[in-house]
Amino acid sequence: MAFFPHLLLATLEGLVTSAVLALTALGLSLVFGVMRIVNVAHGEFFMLGAVLAWAITSAISGNPALGFALALVLSPLIVGAIAWIAERLVLRRIEYNPEATIVATIGLLYIIQQLALTFYGPEARPVTPPFNYRIQLPWFGYSGYKLSIIAASALLLLATWFVLTRTRIGLIMRATQYDRETALAFGIPVGRVYGAVFALGAMLAAIAAVLIVPIQQAHYLMGLDPLLLSFIVVIIGGLGSLRGTVIAALLIGVSDGIISVFFSPTLAKIIATLVVAMVLVFRPQGLFGTATK
Amino acid sequence: MTKRFFDIGKTGLSRRTALKGIAAGAGLMAAPGFVRYSQAQSSAPIKIGFQAHRTGIGAAYGRWYEKTTNAAVKLINDAGGINGRPVEIIVEDDGTDPKRGAEVVAKFASQHKTDIVFGTLFSHVVVGSAPTAGELKIPYYVVSEGYHVASGKLNRWVFQPGITDVRSQVTSVAPWVAANLGKKVTMIYPDYAFGYDHRDYFAPAIKAQGGEVVAQIPIPPTESSFTKYLPQIPADTEVLYHVMVGPGVLTFVKELGEFYGSNKPQLFGFIDSLEAVDINSPGLEFLDGSHFWEGSPRYAQANDSEAQKAYRAAVGIDDNGASTTDAKDVSTAAHMFGCWETLYVIKKAMEDSGYKGPEDRAKLVEATEALTKFKEGPEHPQGDKKFNGKLHQVFGHQNISKVEGGKLNVVHRTSIEDGLYEPEADYTTQPL
């Protein structure tokens, strides 16, 4: 294949990766930014979103688009509810102690994963995409659904940005992130905000998973990769920074696509990890993060 | 006198202590260990440690390996067991992880004290566990299809008597591929041992048929997106040879379909890619008309033997190769027959050697090595086989099936001779 179509394919692939990654990483970043905790179980919320999408779409017969639309709404809501319960039952009791939270969320990771194995099983199961449209380019064909993921993700990111910066809920979240004690003094129910933010973070991961599942199958071990990549993105972008997360996701996704196509996928991973190391050494707060007080 | 009698209670031996003593004695007699020595040894069960992939990437295979094993053991026990003793299967999950696999083998040998270890599929787990089996001198019967056993890299305690190895499989299908599909082949395979077996042995086999491998594309086993590899397929490729394992395979086929559309090369795959996956899953329409290797056919064929029918009924799979209780639960039919057949080989070898207990393990190894042929029948429903005692490897017939009308129909069955190759090993020279 000639250079240009090759590059085009690589970029398209990279953009799809970026789109899903941006949503997942944003969830992780939000939780860290507001609550100052590291949620190791984030990838499992992603997996749960995909598994639920399978359960919902296979329960609904008829037009696949209907089942998919329902999954896109219901699956994040269920995952959000589970995350909220986990936050109330576990994280609140350990008072968001950073070390204890890491251990607790590792426990959560295994519990969710093994429950999925027990009730969902070890198979990789497909979800029918809402529409099957193959775009025939002069050099190769490409999935129309994949392109729609990019658009959907962009819309969702805009919506999140709007909520965070233009609404009262967003203001409360930012206030809690900025200074927990002062927020508390001003009558903001910080505990409830934490619960909501943790649920919202999980929901973002679940939405990303529902979008990706028609092209990637639901599997009980699928949470690991998004977790690692989200960490990479969040570290590079700066914890708690929406803009940084999106730009880092684009950087990682597109460079992964291009390096994978032209060189090797292993090299892409090596470079991504190297960038993380460099960022940690020279700009520990991330490219767009602000230094913690 | 009377006074003294009652005094015993005060001098140390209280009623409570006495009761405890009696209870302990009774418990000791009831304990399994006690029974084993008091009765004839022959009635104690033969314990087979089943190293199962219950979790990890092999879990879908592991579940069906377990079902097949249980079905075969039930049949063996109903027919009187082995040497008049019942067979007991003890399952340990290895997480499809080599390190854990070695621990499981050690646990079987020292804690469960099983007679043998059996049932491993994934090649990296076999390679990781085999040294432990060799050190502990416990016979290790794998159902893995990797070439690692026949290559001579393992040790005298490891056998693969129920399923043909990959080298033999690819050697036997190469002539058919060259004659019917095309001679310019691009190979796509997982980037680890199992994939390398394909890479190393298919290329010379197709060359011997006047064909050539024009490109080899290894894919990391954890990969979940494949479109980025597809531009590496040369435009003059006539046959795309694909063998992928793991949860990403459906994506692989789908993306292949999106990439090529209707203008595709011939496809020849190993069903390993789609074991436990419904061939009619959305996105797999692209496979229509393509060909697959199958160890044992997933779909019931018109010419199935009575033994094959009985085997399918015993394991509990319907004519579509799915569970009789859940049509969506597709089996790993192409491989799992190996568990069934391996158990019958173990039975035969134990009977030949008059196996009594762990002290006879070396005799069991020699008796297994002495086997040469297995006849097609209820014990070997996949077909007759030749066993090479020096290689510890069995050789059988392979099936090539075409995807037609949402089913896999066998279009060619290779002979055992098609899959024979120059042996590279002789385990019998190793000391026991």
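Cβ from N, Cα, C; glycine included.
As written in TrEMBL, here are the features:
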- A:15-38: transmembrane segment (TRANSMEM)
- A:45-62: transmembrane segment (TRANSMEM)
- A:68-90: transmembrane segment (TRANSMEM)
- A:102-122: transmembrane segment (TRANSMEM)
- A:142-164: transmembrane segment (TRANSMEM)
- A:193-215: transmembrane segment (TRANSMEM)
- A:227-252: transmembrane segment (TRANSMEM)
- A:259-282: transmembrane segment (TRANSMEM)
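Between the transmembrane segment (A:15-38) and the transmembrane segment (A:68-90) there are fewer than 3 Cβ pairs closer than 8 Å, counting only residues 6 or more apart in sequence, so the two stretches are not in contact.
Using a Cβ-Cβ cut-off under 8 Å and counting only residues 6 or more beyond its ends in the same chain, the transmembrane segment (A:142-164) has close neighbours at 9, 12, 15-16, 19-20, 22-23, 26, 129-135, 170, 173-174, 204, 207-208, 211-212, 214-215, 242, 246. Within its own chain, the transmembrane segment (A:193-215) is flanked in space by residues 19-21, 23-24, 26-28, 30-31, 34-35, 39, 42-43, 45-50, 52-54, 68, 71-72, 75-84, 86-88, 91-92, 96, 126-130, 143, 145-146, 149, 152-153, 156, 160, 169, 172-173, 176, 183, 222, 226, which lie at least six positions past its ends and keep a Cβ under 8 Å from the stretch.
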